[in-house]
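Structure first, then comments.
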Amino acid sequence: MVERLGVAMATLPGSWFRQTFDKMLGFLKEPVVVTAKINVSLVALTVMGLISRLWGLCYPRAVVFDEVYYGQFVSLYMKRIFFVDDSGPPFGHMLLALGGYLGGFDGNFLWNRIGAEYSMNVPVWSLRLLPALAGAFCVPLAYQILVELHFSHCAALGAALLILLENSLITQSRFMLLESILIFFILLAVLSYLKFYNLQKHSAFSGSWWFWLLLSGVACSCAVGVKYMGLFTYMLLLAAAGLHFWHMIGDQNLSNVSLLCHFLARGLALIIIPMGLYLSFFYVHLALLYRSGPHDQIMTSAFQASLEGGLARITQGQPLEVAYGSQITLRNVLGKPVQCWLHSHTNTYPIRYENGRGSSHQQQVTCYPFKDVNNWWIVKDPGMQQLVVSNPPRPVRHGHIVQLVHGITTRYLNTHDVAAPLSPHSQEVSCYIDYNISMPAQNLWRVEIVNRESDTDVWKTILSEVRFIHVNTSAVLKASGLSGASLPEWGYRQLEVVGEKLSKGYHQSMVWNVEEHRYGKSQEQKEREVELHSPTQMDISKNLSFMAKFTELQWKILTLKNEDTEHKYSSSALDWITMDTNIAYWLHPTSGAQIHLLGNVATWASANAAALVYLCLSLWYLLRRRRKIYDIPEDAWQLWMSAGGICGGGWAVNYLPFFLMEKTLFLYHYLPAVTFQILLIPVVLQHLSDHLCRSVLLKSMFSALLVGWFSSVYFVYCTFSPVTYGQPALSLPELKALRWKDTWNILIRKQ
């Protein structure tokens, strides 16, 4: 039948039909075959990584170390409540919250202590899943990185097995913590860049070339989005990309147009896209957390008013424009270490201070960290006596002169050439009391809108940031107590307010914004105190853009520092190299079962030795090459240097910066650095085998030593696995036997 059909078609005019038909017949005669190459070693390593990280993931069903910290943020995500974490960007927290969301977590759990048993509504397995998967996938990533660095399969396999059997990485990846996710994105970024670089020689601008280049930028952004420590590896890859492009410039085979395209491609993938992705993390973060919460108070009034509930509930219906006769509260923009409002009360400054200096004995003016009826002030027109808003209201604009009348005591905000109680170089600020002495009132203030768009801008509630310039002395109203000092007992430990005579720039302690606002309607004092908010509506949230929110939140993350207290398990960066420290993560309430962050001693010692050997050999080769003596071939030298730049450089950039940081440090901060250092071990071992063991006997002896060395790595892994996984429970003698160093804090329960 097929032959007859072929003869019939052959009689048709034109060769095109005959050729097409012949191809169709060929397709029908041959079976359809799909061929795929599967790296069995890579698959096996991935499976082993998953088993090592996922086995018994729900154990213990209790809060483990920093889960008490990150769990609070997961609960806030589930409840859509805004928070600020000064430890880093929000992407890592969102990934942990994703695990909770997939497990159906409702956020109802009190994360108040380490060791607390999880209630049944907490999906422990789901919350710990993403960090465990990230830790598991680091094993095949290590294998592929060594392959892309052009090392042998055995070297790549060794690197993966060392990561697989590293006790500290296993422990850190089995709980709701961020380091394993950070290391995953770091290794993914390195692998993606190496694949892109290797494709550069023969497949530039191909689909796979673009894929790996873009993925390296995305992975870098994700690493930085998890923790700012990811920035170290990002800078390393940017330096590598810059160096490689510098070499490309010297390639005469590339045209100027081609070089420009390469430059733009790298700029797009490694700078523009990561920046855009980093912004998107904050966009999603702010979109999810739209409700007011306990962290609101460190943000500006405008930011607080954009959240549902909290200040937004208080300020809804406030007049937008401040007018003569407005009743307002003035919040200092700086807001740290605490937020505070301009405040006064009936008490006066003492006639003389403790050091013998005299004061004006006027009514005290302070900055008070709590909402209070004494925080209310009335904006008065100096040329009129009324303290109510006229109809229509007369708005206050930039440059207008006003008087600020304290709402409860009706005394005027005043300053004069008298030294402030705690800041003698500045003027005292008070509410004026007429003592019939030669000290007239000086209570005129010029309103200066700092964030104005024009010199005719109207003073707006919440949105306008203003300075008050004293007309007589040009001093600026400033909350000086925010620097840390507070008034003595006579000032109720409230924060000092001064007139800053030597004003340089717009420091935030000199800037104020109206937070609560209502239009005054009554001249009578008692009625004025109980006046309600005006029905005039406004919506502050529409006036605050995403970029304004992002800028403020990013600045708070970078500048907000919690008080560092010495932690029982804190350590110095020097302690990490020799692993003279550990961290007890969890202790069973009755048995001896416990979990510790402890590295594989054999691996860490080998990593230190490998780094030292690499450094010494590199210096030796450099000195010899300077004398025109080439001990190894040029391609081996280039391989040696490129591997050292990635592995040794990765260790250096992720470790050395901690010597410059003034923060509480823990052993887990070293895990990204030690991961790179572990990758350096097979690099050095293969180099020694290929170039220093030149006889068959030496190679055989070296191989035997490697078998013995790797057996010791496996032995240490097995020995410490009970405190890596928390089971089985060990007896008292077994626990004491694990204390290989006196500095290790293995928990021994008192009998």
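Even glycines carry a Cβ here, placed using N, Cα and C.
In TrEMBL, annotation is done automatically, which means it is predicted and not curated.
Positions annotated as domain 'MIR' by TrEMBL: 319-382 (among others).
The feature domain 'MIR' is assigned by TrEMBL to 393-450 (among others).
If you look at the transmembrane segment (32-55), the same-chain residues 6 or more away from its ends with a CB under 8 A from one of its CBs are 129, 132-133, 135-140, 143-144, 153, 157, 160-161, 164, 170, 173-174, 725. What TrEMBL records for 32-55 (among others) is transmembrane segment.
Among residues of the same chain six or more beyond the transmembrane segment (91-111), those with a C-beta under 8 A of the stretch's C-beta atoms are 63, 67-79, 85, 118-119, 121-123, 125-131, 176, 178, 181-182, 222, 225-227, 281, 284-285, 288. Annotated transmembrane segment per TrEMBL: 91-111 (among others), in sequence order.
Residues annotated as transmembrane segment in TrEMBL: 123-143 (among others).
Here TrEMBL flags 149-165 (among others) as transmembrane segment. Within the chain carrying the transmembrane segment (149-165), a Cβ under 8 angstroms from the stretch's Cβ atoms is held by residues 41, 45, 48-49, 52, 138-140, 142-143, 194, 600, 603, 639, 642-643, 646, 675, 678-679, 681-683, 685-686, 710, 713-714, 717, all 6 or more beyond its ends.
A Cβ distance under 8 Å defines the sequence-distant neighbours of the transmembrane segment (177-197), meaning residues of its chain 6+ beyond its ends; these are 65-67, 70, 92, 95-96, 130-132, 134-135, 137-138, 141-142, 144-145, 148-149, 169, 208-209, 212-213, 215-216, 219-220, 222-223, 226-227, 229-230, 233-234, 237, 240-241, 244, 646, 650, 668, 671-672, 675. Here TrEMBL flags 177-197 (among others) as transmembrane segment.
Feature annotation from TrEMBL assigns transmembrane segment to 209-226 (among others).
Beyond the transmembrane segment (231-249), the same-chain residues lying 6 or more positions past its ends with a Cβ under 8 Å from any Cβ of the stretch are 186, 189-190, 193, 197, 200, 216, 220, 223-224, 259, 262-263, 266, 270-271, 274, 645-646, 649-650, 653-654, 657, 672. Annotation comment: TrEMBL describes 231-249 (among others) as transmembrane segment.
TrEMBL lists 269-290 (among others) with the feature transmembrane segment. Sequence-distant contacts of the transmembrane segment (269-290) (same chain, at least 6 residues past either end, Cβ-Cβ under 8 Å): 76-77, 80-83, 89-91, 93-94, 210, 213-214, 216-218, 220-222, 224-225, 234, 237-238, 241, 307-308, 546, 549-550, 553-554.
Annotation source TrEMBL lists transmembrane segment at 601-623 (among others). Nonlocal intrachain contacts for the transmembrane segment (601-623), taken as residues 6+ away from its ends with a CB within less than 8 angstroms of a stretch CB, comprise 162, 165-166, 577-579, 631-632, 637, 640-641, 644, 648, 651, 674, 677-678, 680-681, 683-685, 687-688, 709, 712-713, 715-716, 740.
Within its own chain, the transmembrane segment (635-653) is flanked in space by residues 145, 149-151, 186, 190, 194, 232-233, 235-236, 240, 611, 614-615, 617-618, 621, 625, 672-677, 679-680, 683, 687, 690-691, which lie at least six positions past its ends and keep a Cβ under 8 Å from the stretch. Annotation comment: TrEMBL describes 635-653 (among others) as transmembrane segment.
Residues or ranges marked as transmembrane segment in TrEMBL: 665-685 (among others). With a cut-off of 8 Å between Cβ atoms, the residues of this chain six or more beyond the transmembrane segment (665-685) that come close are 138, 142, 145-146, 149, 151, 154-156, 158-159, 162-163, 166, 168-169, 172, 177, 179, 182-183, 186-187, 229, 232-233, 567, 569-573, 575-576, 579, 581-583, 597, 599, 603-604, 606-608, 610-611, 613-614, 617, 640, 643-644, 646-652, 654-655, 658, 706.
Marked as transmembrane segment by TrEMBL: 697-717 (among others).
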Hey, which bits of the same chain come close to the transmembrane segment (209-226), Cβ under 8 Å, at least six residues off its ends?
-> 88-92, 95, 178, 181-182, 185-186, 188-189, 192-193, 195-196, 199-200, 203, 233-234, 237, 265-266, 269-271, 273-275, 277-278, 281
Where else in the chain does the transmembrane segment (123-143) make close Cβ contacts, counting only residues six or more beyond its ends and a cut-off under 8 Å?
-> 41-42, 45-46, 48-50, 52-54, 57-58, 61, 71, 74, 95-96, 98-100, 102-105, 156-157, 159-160, 162-164, 169-170, 172-178, 180-181, 183-185, 187-188, 191, 675, 678-679
Where else in the chain does the transmembrane segment (697-717) make close Cβ contacts, counting only residues six or more beyond its ends and a cut-off under 8 Å?
-> 158, 161-162, 165-167, 600-603, 606, 685, 688-689
Using DSSP, what's the helix, strand and coil tally for the domain 'MIR' (393-450)?
-> 0 helix, 26 strand, 32 coil
